[in-house]
Amino acid sequence: MSITRRTTLSKYLIEQQRETHNLPADLRLLIEVVARACKAISYNVSKGALGDALGTAGSENVQGEVQKKLDILSNEILLDANEWGGNLAAMASEEMETFFPIPANYPRGEYLLVFDPLDGSSNIDVNVSIGTIFSVLRCPDGQQATEQSFLQPGTEQVAAGYAVYGPQTVFVLTTGNGVNCFTLDREVGSWVLTQSNLRIPEDTREYAINASNARHWYEPVKRYIDELNAGAEGPRGENFNMRWIASMVADVHRILNRGGIFMYPADKRTPDRPGKLRLMYEANPMSFIVEQAGGAATTGLKRILDVQPTGLHQRVPVILGSKNEVERVARYHEQAQS
């Protein structure tokens, strides 16, 4: 009987280390630890009501958002998995107001890990796909991290990825050499390579936006969406479909597989706080992944990966996905400025 040879995440990373010589061993180990933590989160998510982890925790995070029990548990899983391995100088999370330095009793490394432990957690109780998003940076101060150490533009990321906890659990990764997708084989507990070198089509007929906010949009976004909604009779001459899951990982994963544009723009409700999504652990890693897959990502006025962070929890407008559509929206913003 022949054995089916499959490429696991560990094998893939080791091969990348040998072939490209730009994947250091400690970065490889860090990615494997994050992936292992995502397996633990997936297990807890899948238990649902049986695991007594649904519902709110009776607390709020630094953004003033009500924390779900699984938000807190997922954050603890990632901290516990990564604090002792010697690969990190510090971590930062959506669920923590300030950064988490590696305790003095553990060895420290040269990387910084930033993550949203459970993106889309408002969907937990209704069994919609949710996920984990992460970004890896080098610590510019060696092994002594400060909050300033984290405030690097997205172009400085050395790795980024996300896990989706849905019908299958998948782990999507880039180290700056394309985008690959691994599916969790629950029988043996391994991440198995199932999609290589993912590419986002440059054109699309699908868009993702929360249309209930239409009355608050600025003119460039309103103009773009009005054109799409006009369909074949409008200026675009074709029909478009809207898809909105309200879970960034799920929406972006769909776009990564079949194209589309995802939009969470700034609007008139909070002119002093542009956008809702966080730059460091949502917009930057997703933009890195999307660009590596041939797509584009912008705030409307600037490439997201070029934005200089001013704080760990800074928010930005996010428009990403199929390149030609993203560039069209950016063009409308430029025209509105002139």
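Positions of Cβ are set from backbone N, Cα and C atoms, glycine also.
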> Since Swiss-Prot lists Asp116, Leu118 for Mg(2+) 1, which candidate among Glu83, Glu94, Glu95, Glu147 does it give for that site as well?
Replying inline: Glu94
> Swiss-Prot has Asp116, Asp119 down as binding Mg(2+) 2; which of Glu282, Glu291, Glu325, Glu327 does it also list for that site?
Replying inline: Glu282
> Asp119, Gly120, Ser121, Ser122, Asn210 bind substrate in Swiss-Prot, but which of Lys39, Lys47, Lys276 does that record place at the same site?
Replying inline: Lys276
> Of all the binding-site residues given, namely Asp116, Leu118, Asp119, Glu282, which is spatially nearest to Lys276 (substrate binding site) at the Cα level?
Replying inline: Glu282
>> Around the C-beta of Asp116 (Mg(2+) 1 binding site), how many further C-beta atoms are within 10 angstroms, looking at every protein chain?
In response: 29
> Secondary structure at Lys276 (substrate binding site) (DSSP, helix/strand/coil)?
Replying inline: coil
> Taking just the CA atoms, what is the gap between Ser121 (substrate binding site) and Glu94 (Mg(2+) 1 binding site) in Å?
Replying inline: 12
> If you measure every Cα to Cα pair among Asp119, Gly120, Ser121, Ser122, Asn210, Lys276, the residues listed for substrate, what is the largest value in Å?
Replying inline: 17
